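Trainee: This is the structure, below, for whatever I ask next.
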Amino acid sequence: MSSKLEHISIFYPKVLAKYYFKKYLKNKSNYEWLEGSLRASRIPLTVPEFLAVVNFYTILSIPLAIFLSYLSYLISEDVYGFVVNVIPVRLGIPNPKFFFSLGLASLIALLTLLVVRNILLRIPSFIARSRKAKIDATLYHVASLMLGMAKGGTPLLELFRTVAEERHVTGEVGKEFSIIVRNVTVFGKDIITSIKEVAATTPSQKLRDFLEDLAGVLEGGSSLSEFLEFKIAHLAEERERAYQLYISSYEILAEIYVAMLIVAPLFSLIVFVVMNMIGESTINLMKAMVYLYIPIGGLFFVYLVKSSKLLEEKKWRGESVVEVYLHATVNGKSSRLKRKSGIVVFMKRASKWLERAIKMRAFLRNPKLIFLLSIPAAAVFAAVFFKVMKMESLLTFSFVIATLPYVLLYEYRSYKLRKLEKHLPDFLRGLGSLNESGLNIVTAIKVLSATQLGVLTEEVRKIRKDIEWGRLVTEALERFEDRVGSSLVSKVVSIINKALMATSNVKAAILAAAADVELLLDFRERLKNAMFTYMVIIYVTFAVFLFTVVVVLQNFISVFSNISVGQITGIYFNPPDLANLTSLFYHASLINALVNGIIAGVMSEESVSAGLKHSIILMLTSLLVFAYVVGVGI
């Protein structure tokens, strides 16, 4: 397994870094919070370097600030009219609209720069929080891996090295442990001091407690195996409580989403239509609601859910990459890394993808490969029907053509993985029991290959055949891991293989892995059942959204659009533009369908890919309703 440097290629002026280095030396206490965040996030930059990056890229965001201030200037007249009606205050200055527009544009530009700077400053904190969630989710598995090796007599430093090297399954815990290994092997520190240093800087309280307790055990000379067994039991209890809290918080987020991104936009659009009819120009506010609020709100909600997730997304596991040491590339130069042209790298990767995609099995193994065919097909469809279809229909059908093959392959693969992973605990318990009764792993696998384990039976037989053809057990299990490509199977194989390298008695490690898998599968099922209700609510509320839009367009806006001003004497009345409002509501429905579908997948299965099928269903429903009920055509 090859070792690679973890690096950051980023440019910033050295002058800025020197300036902030002087400020940092004058008053280090003002930057303690940032230094702590940088350490917790493991970003390989010093405080002065990071401040130079933040301020340099804030300056580069000035064009964005100018663009947003220009957009605010365009809608300033609508905002001014709205503000004057809400706050009936008249300023004694000439041309108040101009000064209001100028002030609003300046305020937006200033706020944009402040927001960009604050977001950049908070990036280490965001990364640290994300790492905390990933560490907490992986720690139980890492403890199980360490227990299996510890019972086989593996030295402590080798335990840390193994966890650091198995980054494709140990994740962020592996990164933390790699620092311990580096401090011992490179800087010559003793292992207890290294453990305490990482404990003091890790973003996870659970890992901090684990490492501090481990340091105490090592100093006191207690049994490492007994400590790990106790910690595994404790972590299992904490994990169960975390799952309960997680599901409860998900339910609250689902209710907030329904209120803020389905009900609120519909209510606001109807109110804006009425305000526009009685003289207020709100068309720009309506466009902002449709084209900005709904998609940006949806993206924020997806980020909110995925940043706090406890489960790893069920995905194809690619090549394992081990990143142990940290290194930052400054000013785009590095003496330790040779950089290849981005185009050359892309072409090599694309050729490999195409070569693998020749067989259907490659698509089933990694469904994303199908985009190499479906996206060009969607582009050809769009080019052929560009002048025949309406733009909304063209974009919708192109989206379906591009994503439907991937959805079918992804769902089929997810179904097969669920069936296989369902029998994984039974396989592990059987393996552990047979090993406890005196059979070695090879004989135990041969016995289990004759039992019924559903979809997993065929894979166990392939493992047995690999062993019979002369491969080592570890090699056979690694081939099983590569065939399946499941992150859950990868964890199990890593535990068994590392335990086998230490001892032939791997019962404890296997049973711990079985308990880990069973708990994880149980939580997946509970989360899916809990979120099913809210997924149904999303469908129902979207149906209500479409029904309300149709009623408003056909029985309200279409009627008032035919009334002339002279028919309502004494009242200022602005007839609504039926064509523009129909187009706007059509776009709102399609964007809402796309966002709602993705949110449904993220909430029920914690995967954006799982939400694409819901997006396709809702978008096609919107298209059919507007094409045949509203009558806009295809």
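Using N, Cα and C of the backbone, Cβ positions are placed for all residues, glycine too.
These numbers come from a predicted model, not from an experiment.
Pulled from TrEMBL, these are the listed features:
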TRANSMEM  50-75  transmembrane segment
TRANSMEM  98-121  transmembrane segment
DOMAIN    144-271  domain 'Type II secretion system protein GspF'
TRANSMEM  256-279  transmembrane segment
TRANSMEM  285-305  transmembrane segment
TRANSMEM  369-388  transmembrane segment
TRANSMEM  394-412  transmembrane segment
DOMAIN    427-553  domain 'Type II secretion system protein GspF'
TRANSMEM  532-557  transmembrane segment
TRANSMEM  584-603  transmembrane segment
TRANSMEM  615-633  transmembrane segment
Trainee: Can you tell me how the residues of the domain 'Type II secretion system protein GspF' (144-271) break down into helix, strand and coil by DSSP?
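Mentor: Taking each residue of the domain 'Type II secretion system protein GspF' (144-271) in turn, the totals are 111 helix, 0 strand, 17 coil.
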Trainee: How about the transmembrane segment (532-557) and the transmembrane segment (285-305): at least 3 CB pairs under 8 Å, pairs 6 or more apart in sequence, or not?
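Mentor: Answer no: the transmembrane segment (532-557) and the transmembrane segment (285-305) share fewer than 3 Cβ pairs below 8 Å.
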Trainee: Taking a Cβ cut-off under 8 Å, which residues six or more beyond the ends of the transmembrane segment (584-603) line up next to it in the same chain?
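Mentor: Sequence-remote neighbours of the transmembrane segment (584-603) are 250, 253-254, 257, 261-262, 265, 269, 286-287, 289-291, 294-295, 297-298, 301-302, 305-306, 392, 395-396, 399, 531, 534-535, 538-539, 542, 545-546, 549, 552-553, 609-619, 621-623, 625-626, 630, 632.
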Trainee: Residue list, the transmembrane segment (50-75) vs rest of chain: Cβ under 8 Å, 6 or more residues beyond ends.
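Mentor: Non-local partners: 10-14, 16-17, 19-20, 23-24, 31, 34, 38, 43, 101-102, 104-106, 108-110, 112-113, 116-117, 120-121, 124, 284-285, 288.
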Trainee: DSSP says what for the domain 'Type II secretion system protein GspF' (427-553): how many helix, strand, coil residues?
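Mentor: Residue counts in helix, strand and coil order: 106 helix, 0 strand, 21 coil.
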Trainee: Roughly where does the domain 'Type II secretion system protein GspF' (427-553) sit in mean pLDDT, to the nearest integer?
Mentor: 85
